[in-house]
Amino acid sequence: MKRSKYFGTDGIRGRVGLSPITPDFILKLGWAAGKVLSNYGSGRSKQVIIGKDTRISGYMLESALEAGLAASGLSAALTGPMPTPAIAYLTRTFRAEAGIVISASHNPFYDNGIKFFSIKGTKLDTQVEYFIETELNKCLKCIQPKLLGKAKRIIDAAGRYIEFCKGTFPAHLSLKKLRIVVDCANGATYHIAPNVLRELGADVIAISCNPNGININNKCGSTDIRRLRTQVLLKKADLGIAYDGDGDRVIMVDHIGNKVDGDQMLYILAKEYLYQRKLHGGIVGTWMSNMGLALALRELNIPFVRANVGDRSVLLMLREKGWYIGGENSGHIVLLDKTTTGDGIIVALQILSTMVSNSVSLYELCNNVYLLPQILINVYCSGFINPLESSVVKKEIQIIKQELSDQGRILLRQSGTEPYIRVMVEGKHYSKISYLANRIVSVIKGEMRSVN
């Protein structure tokens, strides 16, 4: 199958006002998706769940999607601002034909995107995405007036999802003795995560929970934990929890301000599942996963494999192997025994239940996993030229790999969601890998200048 024109690793994403994130394109996308999804759902409900994060552009894109779906004969059930995993859950429980999320995840407010979920609450198969793109190449033709779709609001969508999240936390446990700072990135979890934690008994200090349409992910959330760390120390909290704009990622901070990333959380979950005799097989990470995670899991005799970067790749490998737990160091973690996609709130609850049931701190849970220093630099790269194909860049990479030998790793890749080249260097000594990473960046930038 040829490469997708519009769909990336996580749906369709881009700058609002520029193709493809324009109201006219999104309207036609709704129509094309409606025509295809009606054939891949149950065919009975004729309903699609639509959720969004808190970006100001969400109103415009929601209306466009709604119109396009109606023109195809499908009705829209609107949730308002809701975490991405909540839409996956609601799609299943409402037996909808599909779920659609309007979000650009951890990106700034001026970006937005569209993600699709199947009737089972899973990411759409790439073949279905291809069929949608095929329909997009056709002229929009409205269905007969009497068959047009409608639109309605789902009553208490947030309450339904809150109860689902709480249901994944052991009924005999409570968070009453914990003080937790929660940073919702001014995003879709702002009215969900604090309430989940409070209803389970925690003393909650909520920050970045006042979205205004343009402050989503702005110096807050899982991509910038400086304010969270400050508040944890200032309020003498037991830990801090940070979500990204659409709630499918989570990063934590222990009581002394140490960052706890996705790799450390994977280790905590793997060890607890092993102890509870619930671990099926092993753990799926990605090529970005720290070598320290692999070594720590080896000590526990837990198998560890690496998938390509992206939750879709992690999910595919989990299903292929029949395993439950996988994720990325960015905090995007999947627990297939709990839900069908990455869910930051549910992952955090499993970490909290491990703390409470074992009467240990988050700091103590991380004691036996030692992450190697890792440098990640994003190099802006617009246009169609891929500097990673340059012979000059390839030669420099080979030289640096020889310098690192078996004492570290290098990973270079193009982002599937943003116009960046990701440069990752990992090794035992921070000063050395920082020097090597910046050498690579200099060569990449030099090649882009020479091409331009």
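Placement of Cβ uses the backbone N, Cα and C atoms for every residue, glycine included.
Non-local neighbourhood of S105 (active site, phosphoserine intermediate): D10, T84, G113, D244, G245, D246, D248, R249, T417, each in the same chain, at least six residues away, with C-beta under 8 Å from its C-beta. Positions annotated as active site, phosphoserine intermediate by Swiss-Prot: S105.
Secondary structure at D246 (Mg(2+) binding site), as computed by DSSP, is coil. The Mg(2+) binding site annotation in Swiss-Prot covers S105, D244, D246, D248.
For S105, the entry in Swiss-Prot reads phosphoserine, with the evidence type sequence analysis. Under the three-state DSSP scheme, S105 (active site, phosphoserine intermediate) falls in the coil class.
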For the Mg(2+) site built from S105, D244, D246, D248, further residues of that chain with CB within 8 A of the site's CB center: D53, P83, T84, S103, H106, G187, A188, Y243, G245, G247, R249, H332, G344
Neighbour count (Cβ, 10 Å) for D248 (Mg(2+) binding site): 32
Residue among the binding-site residues D244, D246 whose Cβ has the most other Cβ atoms within 10 Å: D246
